[in-house]
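Per TrEMBL, these features apply:
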DOMAIN    B:42-71  domain '4Fe-4S ferredoxin-type'
BINDING   B:51, B:54, B:57, B:100  [4Fe-4S] cluster 1 binding site
BINDING   B:61, B:90, B:93, B:96  [4Fe-4S] cluster 2 binding site
DOMAIN    B:81-110  domain '4Fe-4S ferredoxin-type'
């Protein structure tokens, strides 16, 4: 414990690396098994069984899928822009994962006299006795969500195929319009918490009621907009099979396709984690179980809701999607902000 | 506007807890209904096929898949010396069973008729006899 690097004790760095490893592996496993869960849940909702053959009740299915995709032939279209084509899956995948850096997933734990807050981008400041985290955490998440659009647009453009281009264009238009409404829905949370730090937002909800109860409209709008932003049913127009083959990832194969697939599910996990943090009280729950358990339970419930929605609703038409985003959600979030502002100032 | 959406969610949730209708096919097999029209069988009576070789079944067959040749046994009775059904042509309409005046033909629940060779799809009399 004696060593110090840049004025911080060694344990700080060890704890940081450990937190990154644990969270990354956990998110990766969740991503892998959410593909399995999705197939199982949708299967049962359609009174089918879902995967049953690989392992007990198909439990090895994600591994089998991964191995299969890994050994597939890598095909790059000869007219494609090679550099953009190769980098697009990475741009889609990385922001989906690093969004987790600012999400608090548990209470501060104490290991060997050293306090570790369960949030990657945070440390315990012994001088002030407080947990210090990124003070613009929510902006960071919104920024990463916007970067994710580039991956999809680049993939669509660089493939040099009409289906990919149309898928990419649709996706960018959709993500930009819904990001606006999602951002405005979050503003009403800021108005209550008076902070952009996720630690502060979670602590605020622990003291009072969850923001889902204080801001039910913002909660529902944010969740729906998030589903639209991550291109899931009923807003999965970029990959509408019936009209666009497979959308922006039509020309992709092998591991690069798997990366888009993982990005989609990682985005879903991240969005559910953000919704939990902003509206469902983060890791707070009845004290008999640790904070991380409640966090994971809430996130998994939201993931289940995403799959439930996918099993229930048909896809929106493109003009309906745009109308819903600009003419319904945007005015509703604005009204919500005005009403919140009036109530807060009273 | 909201209620139909919620009702939809309710329906899918209800269906999630229903028993899946899937049969894990090679392990679990369906039991065909009694009037299922599968592979034909020639009925046997007194250890002989009941068929009297009247040619009504090849006549009525819309797919022309039945070949019958008559023969004479030691009691000077007409019997089917050759009775073949080409399963690649058969459309499983069951008209042959309906047409049979002596109730010598029936259709079983056997539906797994895949084979490796074309010749194997022509079911000769021995293969058609009721087990």
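Keep in mind that glycine also has a Cβ here, set from the backbone N, Cα and C atoms.
Location within the structure of each feature annotated in TrEMBL.
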{"residue": "B:51", "record": "[4Fe-4S] cluster 1 binding site", "DSSP class": "coil"}
{"residue": "B:57", "record": "[4Fe-4S] cluster 1 binding site", "DSSP class": "helix"}
{"residue": "B:90", "record": "[4Fe-4S] cluster 2 binding site", "DSSP class": "coil"}
{"residue": "B:96", "record": "[4Fe-4S] cluster 2 binding site", "DSSP class": "helix"}
>> I need to check the long-range neighbours of the domain '4Fe-4S ferredoxin-type' (B:42-71): which residues 6 or more away from its ends have a CB within less than 8 Å of a CB in the stretch?
In response: 77-91, 93, 95-96, 98-106, 125, 128-130
> Which of the listed binding-site residues (B:96, B:100) has the least company, meaning the fewest other Cβ atoms within 10 Å of its Cβ?
Replying inline: B:100
>> Suppose the [4Fe-4S] cluster 2 site is B:61, B:90, B:93, B:96. Which further residues of the same chain have a Cβ inside 8 angstroms of that site's Cβ centroid?
In response: B:57, B:60, B:62, B:63, B:65, B:66, B:85, B:91, B:92, B:94, B:95
> Where else in the chain does the domain '4Fe-4S ferredoxin-type' (B:81-110) make close Cβ contacts, counting only residues six or more beyond its ends and a cut-off under 8 Å?
Replying inline: 31-32, 36-43, 49-54, 56-57, 59-71, 118, 121-125, 128, 130
> Taking each of the binding-site residues B:57, B:90 in turn and counting other Cβ atoms within 10 Å of its Cβ, which one has the fewest?
Replying inline: B:90
> Can you tell which of the binding-site residues (B:51, B:54, B:61, B:93) has the fewest other C-beta atoms within 10 angstroms of its C-beta?
Replying inline: B:93
> Considering only the binding-site residues B:61, B:93, B:96, which residue has the minimal Cα-Cα separation from residue B:51 ([4Fe-4S] cluster 1 binding site)?
Replying inline: B:96
> Going by C-alpha positions, which of the binding-site residues (B:90, B:93, B:96) is nearest residue B:57 ([4Fe-4S] cluster 1 binding site)?
Replying inline: B:96
> Taking the Cα atoms as reference points, how far is residue B:54 ([4Fe-4S] cluster 1 binding site) from residue B:96 ([4Fe-4S] cluster 2 binding site) in Å?
Replying inline: 12
> Any idea what the model's mean pLDDT is for the domain '4Fe-4S ferredoxin-type' (B:81-110)?
Replying inline: 92
>> Cα-Cα, whole number of Å: residue B:61 ([4Fe-4S] cluster 2 binding site) versus residue B:100 ([4Fe-4S] cluster 1 binding site)?
In response: 11
> Rounded to a whole number, how many Å is the Cα of residue B:93 ([4Fe-4S] cluster 2 binding site) away from the Cα of residue B:100 ([4Fe-4S] cluster 1 binding site)?
Replying inline: 14
